[in-house]
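These notes are about the structure you will find just below.
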Amino acid sequence: MKYIEEFRDGELAQRIAAHVRAEARPGQRYNFMEFCGGHTHAISRYGVTELLPENVRMIHGPGCPVCVLPIGRIDLALHLALERDAIVCTYGDTMRVPASGGMSLIRAKAHGADIRMVYSAADALKIAQRHPQREVVFLAIGFETTTPPTALIIREAKARQVDNFSVLCCHVLTPSAITHILESPEVRDYGTVPIDGFVGPAHVSIVIGTRPYEHFSREYGKPVVIAGFEPLDVMQAILMLVRQVNSGRAEVENEFVRAVTRDGNESAQAMVSEVFELRPSFEWRGLGEVPYSALRIRAQFARFDAEQRFDLRYRPVPDNKACECGAILRGVKKPTDCKLFATVCTPENPMGSCMVSSEGACAAHYSYGRFKDIPLVAA
């Protein structure tokens, strides 16, 4: 298939890896963070790290939307389903994220709550139209990639006067999170690692373009290379980052030229701006409160805002103390550093959100066997 098979060529991957090994200076460390969960998945699936020299390290960043969703947000959705008799609709991975008291949306569904998995925001609106006597709430999560469809469906609900439909908005923003990682004293208190450059997200960049990343390269001296999802995309991006570091450059480069432009999808951006505005602050799992890092629904669409309609009050909830998901999201620890990984915590029984989504670092490591260094204990 065009644009797929040719980006999975093993021989070409070996040649790119040879260039990385040749150009990475032996006495220097290269710490690169891939922000996108799709990149984390590709790196584990195709064994990219095994092709890199020891002094080139890939750090898994907070780019999985399910992983960064805090417990308190899931609790709000559970409250609507269990106590307000609402039909709650959301994407599949969100159903399994652990919430307070060991509950999750899928467990609440087993207890009788009307919680439904949907493939799109449009599915949730159709459910609201089929059940006009019930309140239907769409739990909307994701980065800039999934925000335009939510904006479109809110606008459509207003036009069609579907008054029993609302959205619990948990959409978050990539540039704000990267800024927070680079400069926040709170994150420094949590602990973090030195970052020499970023592999920029693919789908997000299709929407927002490369322009927003120019701030990081200019203000923080950090190179950014936007990369596609295939293994050769990631390998080439790593090589481009090594070359930037070696030459003392900090620029935004676009490896994913077949899909990403400097200005992105301006029609999608305009639609998002019409329906949403910035929140002053939003809690991220692993990062804490991040200023201006999420969206809320504008006043002219307030009747479709579940937080206002149901007078919801967000309450932060601490993570499971034994789960290292927060530290893994910051790159401080690897999945194999967590004592729950591949023992109590598996994709079938996730203790933390990093094991829920296939884009999560723990799930990717588990699914593709990247944990062979865990010592086996004899029975």
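Just so you know, the numbers here start at 1 and follow the chain as drawn.
Each residue, glycine too, has its Cβ placed from N, Cα and C.
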Q | Fe cation binding, same site as C64, C67 - Swiss-Prot member from C36, C169 | A | C36
Q: For the recorded Fe cation site formed by C36, C64, C67, name the remaining residues of the chain with Cβ within 8 Å of the site's Cβ center, in chain order.
A: F35, G37, G38, T40, H60, G61, P62, G63, P65, V66, V68, S357, E359, G360, A361
Q) Within the chain of C36 (Fe cation binding site), which residues six or more apart in sequence place their C-beta under 8 angstroms from its C-beta? A) G63, V199, G200, P201, A202, H203, V204, F229, E359
